[in-house]
Each structure stands twice: as structure tokens, then as C-alpha cells.
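Trainee: Straight from Swiss-Prot, here's the annotation block:
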BINDING   20-24, 50, 166-167, 190, 216-222, 270-280  NADP(+) binding site
BINDING   24, 117, 222, 227  substrate binding site
SITE      54  site 'Important for substrate specificity'
ACT_SITE  55  active site, proton donor
SITE      84  site 'Lowers pKa of active site Tyr'
């Protein structure tokens, strides 16, 4: 397999490309920008495309994928596409309809990976972020093991080739893994992960269970208000990353991406900028030394850009535990 399409084998036998293209964009970015960016990513060599119902862009991402299939650049089986189940569809009876809705938006027959996006359940309905008249989130109480059983049925129906989770902590992963009658383990846990939050303990736990850790916000974060603290440090300006970038004649972003690949983490790179999209593919062209890796390990300072604290309160809020 050529280096551009390096893959990791998942615990269900499917393969996931280790470098993925993230399609999330802040609200002010026009949704149709996702068409051009996704096409550019596929042309540049990305084969793993990550989106979600929450991002409101699946029809555009699907359009881009289908146009690259139509023009002969790729076949459907070359693309590894991830979607995610949003919190308002955790009740088991809503899981398959939510996936079918994503597939309809995408105009695809299946997704390669379907994830439970976040472990806190919200009130079912059309509203993605349902609130009461005082602006308080409207939560729901759902047993995530029941949600997981509905996810397993989606895999059995062929609507999703693989199933996994996102933003789960160790306790929540164990709850699924220890579920009586478990049919399929989650293939991955997609979490925020970068040199300032390197998730060492969660990574070791996932590896011990043959669950792949997938890193989002691997380059820091989009810094979107109101989600991200505007005073948080900018990862890509870190002196250690900048020094390593200079040493390897690469960008700090490439150093941050390469770091994840070398520790066995699948990494998502989000950019709508053509030059940076192409640049990010160069992560396969160089290697960091063990000293480089140690230096980056030393940057860990437990800085979480996406605390999602509007979801704090319910027992399923994942970020109160150590990991």
C-alpha cells in the first residue's frame, strides 16, 4: 500500500486510513464551502473523510464525494466516510432513522463508520440544541447500552460498516465493553487530542482493548466563540513545536500531526485552505526521532479546548473523570 493510504486494521476487520480530513467549520463559514474543501482533500490524497449530522454539511460533503467518484478519481470503496449520531437521537428507536437521514443527505448507501457523537443525551426532536425558555439545555435520560445495541443493528443492516464512539471516558467505554450480550466492541473513540492534551492514559486504555484512538482538534482548535476560551494558548505557536518544525523544515502543524501517527493515533486534519490541505498530506514524508517525541510528550498540560461545559450536569458528562 502506498504511504499516502496507510491504514490501521480495526477490531472488526475493516481498515481505516490513519490520516483523515475533518469537515467541521465554524457557523460563519458558508456550508457549501465544504464541497470545494472535500473535493480538494480527495484530490490531494485524503481517503478518510469525517463529518457528522451536527455539522449540517453532509449533503455538501456527500456531493463532493460523489462528484469525485463520478469523475473517476476514486471508487466508493476507496473512501472511508464517518458520520455521527447526535445527542437528540440516543433513544434506541431513533438511532437507525438518524443514520438513514444522514445517508439520505449524503446520497450514499452506507457509511464506513458511525459514532455516538457525545455521551450526554438531549431531548428528542428537530432541535439540535434543545433549550427551555430560560436557555437551559433540555436533557434526556437514556441508557447508552441500549443506544449501543441500536448501533449494532445498524452494522448488521449494512448501513454502517463499523461502529464506534466519540468523547467517551474510560468508565463509559468500560460500560459498553462489559455490557451483557455485547455483539461488537466500539472500533474507536474519537476525542480531542493534541500535544497540550495528549490523552496518554486514555490512549493506553484504548490500546489495551484494541480500540483505536482518533484525534480531533489535533492542531489545537478552530477557536470558535462561544465554544473555546479565547485566552487559551495557541498550540501551533508553541516554541517546542516551532523549533521542531524548523529542524525538520516542516510546519508546526505537520509536527503535531506526525506526533499522533507515531504514537498509534489516527489523526484528523481540518482545513478549508487549499495549500494547507495539500501540506497536511506530507505527514508521511518524514519521521520524528524518539527525542523529538519525548519533547512533544513534555508539552502535555491538560488543556482541553472543547470543554463543552453546556453539557455539564448530567452524570454522563464525560470530562469530570480524570480520563
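Cβ from N, Cα, C; glycine included.
Would you situate these features in the structure and describe their surroundings?
Mentor: Of all the Cβ atoms in the protein chains shown, 19 others lie within 10 Å of the Cβ of residue 24 (NADP(+) binding site).
Long-range neighbours of residue 227 (substrate binding site) (same chain, six or more residues apart, CB within less than 8 Å of its CB): 306, 308.
Residues within less than 8 Å, Cβ to Cβ, of residue 54 (site 'Important for substrate specificity') and separated from it by at least 6 positions along the same chain comprise 84, 86, 117, 128.
Sequence-distant contacts of residue 55 (active site, proton donor), defined as residues of its own chain at least six apart whose C-beta falls under 8 angstroms from its C-beta, comprise 23, 24, 25.
Residue 84 (site 'Lowers pKa of active site Tyr') carries a strand DSSP state (E or B).
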Trainee: Which whole number of Å gives the largest C-alpha distance between any two of 24, 117, 222, 227, the residues noted as binding substrate?
Mentor: 18
Trainee: Using the structure shown, find which entry in 84, 117, 190, 270, 274 (the recorded positions) has the sparsest Cβ neighbourhood within 10 Å.
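Mentor: Ranked by other Cβ atoms within 10 Å, the recorded positions 84, 117, 190, 270, 274 bottom out at 274.
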Trainee: Consider the binding-site residues 190, 270, 274, 278 and say which one has the Cα lying nearest the Cα of residue 222 (substrate binding site).
Mentor: 270
